[in-house]
Structures are given as structure tokens and as C-alpha cells.
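Let me begin by presenting the structure, written as C-alpha cells, before commenting on it.
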Amino acid sequence: MNSRLGNARKKIWKYSPLYLMMLPGVAYLLINNYLPMYGITIAFKDINFAKGIWGSDWNGMQNFKFLFSSSDAYLITRNTILYNTAFIVLGLIAGVGTAILLNEIKNKLAVKFYQSVLLLPYLISMVLVSYLVYSLLSVNVGLMNKTILPALGIDPVSWYNEPKFWPFILVIVNLWKGIGFSCVVYLAAIIGIDKDYYEAAMLDGASKWQQIRKITVPLITPIIIMMTLLSIGRIFYSDFGLFYQVPMNSGALFSTTNVIDTYVFRALMQLGDIGMSAAAGLYQSVVGFILVILSNYAVRKLSKDNALF
Amino acid sequence: MYRENRLWQWGSHIVLLLLSLACVGPFLLLFISSITDEQSIIQNGYSFFPKEISFAAYEYIWQQSSLIFNAYGITIFVTVFGTAASLLITSMLAYPLSRRDLPGGNIVAFLLFFTLLFNGGLAPTYIIYTQLFHIKNTLAALIVPGLLMNGFSVMMMRGFFMTTVPSSVLESASIDGATEFTIYRKIVLPLSLPILAVVGLLQGLMYWNDWFNGLIYLTNPKLYSLQTVMNQLMSNIQFLANNSKVSSLASGSMQELPSEAFRMAIAVISIAPIMIAYPFFQKYFVKGLAFGAVKG
């Protein structure tokens, strides 16, 4: 017994430098991730600044009742899911399509060039994207209102006040920003396909289009499914910058630009409604968690190696 | 057959050229707008073919340099320091976790992994950082919350250590009397430069581009990074006048300020370093993205 305890002590002593190395990282996890998880309790509180945030009274599910009885809950959930669905479907088509075309090009230098250029939008911040969009859509000085629309004989549009255009604008901006990344991922998968398949197909007289349909696409399907399932797992989360910066936080556009993330942000920073913000955030985290687990379960069924856990 | 191949070649080139134009176009418009005379912007809007070229916007940046230059300094400091700190913390957590013999390693790995699946959300995070750690209006606000270390990078690095650093080398080093810290510094890190480059690159880009922490934790313009300044300028060009040392601006006369060109000029100088460095890190970047997507 004693010697076993001694062994355990020796073992811990032996590994102590490794534990010491982990200390900063583990401390950061506690501060950045686990304390806020404990802080979720504020979603069940009636925040009263006089009593302090931790001293405020519990109010059970009141925040949630209020959230779900408002029309906002439906709107932000609908917007989040619809936008993400469009992003997933169109992003997939665009990514796989450009990757297939890039793979057709024989000139290596040209491939490198196209790939670098398509990745440019991926490098910049959403604030900068909002500047680029502003240069196109500004009511008074934008390229659309001053050059393109007059050339077509169409009246100027007050872009930042017209919610109906924003589903298209946001989908285009998202595609524009993400096409380089998904293209890189799918091209890596296509390059990994054994060239013998294509040679055999060509001997049999298969056309390019047949090769793409019968060889390329089926062979990268596992990666397509994996990437798609992972995105479905994150369908409750959205790119905050895209929905906040690009429409410039314009209140007139909320009906088509408000998503869960922007709602949580505005409730916290602009309305000061901490309890409501925490409630909406928890709603997102819980549903998001369930979706990640489900989608990972699906990935696992298909291919164990690609599963997250 | 030959004709069909040529057709695909040409078709691919045409589609990709159009896509490339669509990707570069907005950047070009941004740059041209920044060197367009303010009067011609007001008359003709932002345009690829300006009537009159003027560098007034850049002269303004140079003249009332304090705010912009300060922001530039903050961005550079945060990017360099944040990336270095992040690489250190990430690798120091990833290495012990890559050691299969470490007692309790699984527990930490699970704690790490769980953060990828579930999070407290914005409101609790904000409350913890502001109420408990009083991070508002400190430089730490731009470095620490949400950015310093992320689970994906740790897992990516851990995977790399596991597959690339042979455990026999580690064993023989420890038999030779090397301490764990020496092994980490002299063996593990030098063998892992590719993954350090990839994680460092993504991390550096994240710091350079971050505006969110500045938006929620900062109200003091002296601490604003470039992105935060741009964020403020977009909604409010007056912000510049309020924080300017040039008296004609501070007194509120906005006529002189080439505001529409100015916005674009600041945007240009904020991406210039990335665009200049891009050809050099492009190779690592593409590899890193493909690797991260498949492994992560």
C-alpha cells in the first residue's frame, strides 16, 4: 500500500514539469471558457444593478418566457437557419465547382494565381468588407447608384433602408468571402484522387463531363458530406461580423438581417438587457450543442476518421 | 477528344478569370477611390475611372497622424505580442497532451474539446471579463478574450506532435538526462516548425483583423486598433474630428476633410501590410487551410 502511494507520488513528481507547462493553457480555458459557462446562471436572474449581478434575484424561466413570447425569437431563428442553409448549399456548389475547374487547368502557375486571388477576400476583416460593400452601395456616392443603375436607366436605391435586397446581398458577400477557402479544401481532395481512374475512363472514351460526374464527384463525396454535416452542426451560429458590419447595423434592415448572434449582441450592448441576452445566448448554445452532437453522430456513422469525436 | 480538352481549358480559364475579377474588383475600387479627388467622388461617386486624382486623403492621414499612427502601433503590437503569446501557450498545452503516458491527460483533453462544442455565450463572457477581471479599456482586452488560444489549434498541434515527433527520440533524450522543458524547447519545437508557421499565420491574421474585442471592451480612443478606428469611422466620420490634433478639424469645420476618400484611404493602409506579405505566406496559408479543414 505504502509503496504504491510512493509510486504514485514518484509518478506525479516525474510528470510535474509537464503539468507546469499546461498551467497557462488550462488557466486560460478556465477563465475564457469555463467561468462564462458558470455565468450562464444570469440567464435565470432578474438583473438588478443595485444588488450587483451575482446578488440579483432568481426569476426562473422569466427571461426565456419573455424571449419566446416576443416575435423576435421566431424572426432571429428563422433568419439564422435560412441564411445558413443558403450559405451551405450555394457555398458547396461554388466551392466544388471552382475546385473542379481549377483542377482542369494544366498551367500550374495559373492555378496558383487563381487560387491566391480567390483567397484574397478570406484574408480581410468584416469591417473592411463593410467598406468594400459601402463603396458599391453607398446611397450618395456608391458605384451602384452613381454608375451602374443610371447606365441601366434604373432609379437609385436606398440600399441601407431596403430590407428586401439584403438576403441577396448577404448571400453574395458570404460566397465572395468564402469561395477561396472551400475551393482550397475541395481542390486538395480532388488532387488526392488516383489518376488511374481518369486514364481508364479516357481509354473507355468517357467525356470530361462524364469523368467529373462519375469519378470526381463520387470520390470527393465523403469530404462533401463531412464538411456539410459540420456546417449543419453550426447552423445555429452565424458570422456576427457579416450580419452586423456589412448592413452597418442599420435598424431599417433588422427584419432580414437580424440573426441570433446580432440579437444577443444588441440586447447586451445596446439595450443593456443582460438577462435577455444571456437567455438568447443559452438558447443558441443548447440547441447548437445538440446539433453538433447529432451531426457528429452522423459523420461517425459514415466515416470514423472524420468524426470530431 | 483533343478539341474537348481545349474547350474545357478555355472554359475553365474564362470562368476563373471572371471570378478572379469579382474578387479583386472591390479592392481595386477601394484603392482608386482613396486616390480620387473628394469633389469628383461627390459628383460621380466612387468609380474605377476617376475624373481627377488626388492624394489629399493620404496627406490628411499624414498630417493628423496621431490617431491613425497610434492605432497602427496598437495593431502591430497586439498582432506580434498576441501571436507570440498564443503560440507559446498553445504549444505548451499541446505538447503534454500529445504524450500518451501523461496521467490525467485525457481529462484536460476533454476539457479542451468540450469548449469546441459548448460555450457560455456573449453575455456571461462579457460580464466575467468586465466585472471579474476589469478588462475594459486595457490592452489586454485586445489580446486575451476569445483570441489567445483556441481548441482547434491545440488539437491540430497535438496531432502534429503525435505523428511527427517520434516517441523514441523523446525517450532517448530523457534517458540522456534532458528535462521536459529542454525536450520541448530543443526537440519538439524545432521539429514542428511547419505547424507553428501555420498556427502562427492564422493567429496573426486573426489579431490583425479583430475588431470585435475593441467594439465591446474599449471606449478609450488611445487604445483603438486600426480595425476599431475603421469601425468607428464608418458610422461616424466626426469621430476623426473629435480625436484630431489639427485645430481646423477639432473646431468642427468638416469642409476640408475629404471624408469619403479618407475612409477608403484608411482601409487601404489597413490591408496594405497583409497584401504585401501575402505572396510570401501564400504557400503556407493554402497548405494550412487544407490541412486544418481536413484535420480540424
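Keep in mind that glycine also has a Cβ here, set from the backbone N, Cα and C atoms.
What TrEMBL says about this protein:
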- A:77-295: domain 'ABC transmembrane type-1' (DOMAIN)
- A:12-31: transmembrane segment (TRANSMEM)
- A:81-101: transmembrane segment (TRANSMEM)
- A:113-134: transmembrane segment (TRANSMEM)
- A:165-194: transmembrane segment (TRANSMEM)
- A:215-237: transmembrane segment (TRANSMEM)
- A:274-294: transmembrane segment (TRANSMEM)
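Cβ atoms under 8 Å from those of the transmembrane segment (A:274-294) belong to residues 39-40, 42-43, 45-47, 53, 59, 63-64, 66-67, 73, 76, 232-237, 260-261, 263-265, 267-268, 308 of the same chain, restricted to positions at least 6 beyond its ends.
Counting residues 6+ beyond its ends, the transmembrane segment (A:165-194) has Cβ neighbours under 8 Å at 82-83, 86-87, 90-92, 94-96, 98-100, 102-103, 115, 118-122, 129, 133, 137, 157, 159, 215-216, 219-220, 223-224, 227, 239, 242-243, 246-247, 253, 256-257 in the same chain. Listed as Cβ neighbours of the transmembrane segment (A:81-101) (distance under 8 Å, sequence separation of 6 or more from its ends, same chain) are residues 118, 167, 170-171, 174-175, 178-179, 181-183, 185-187, 189-190, 212, 216-217, 220, 224, 227-228, 231-232, 234-236, 238, 243, 259. Residues 98, 102, 105, 142, 169, 173, 176-181, 183-184, 187, 239, 241-242, 244-246, 248 of the same chain lie 6+ residues outside the transmembrane segment (A:113-134) yet bring a C-beta within less than 8 angstroms of a C-beta in it.
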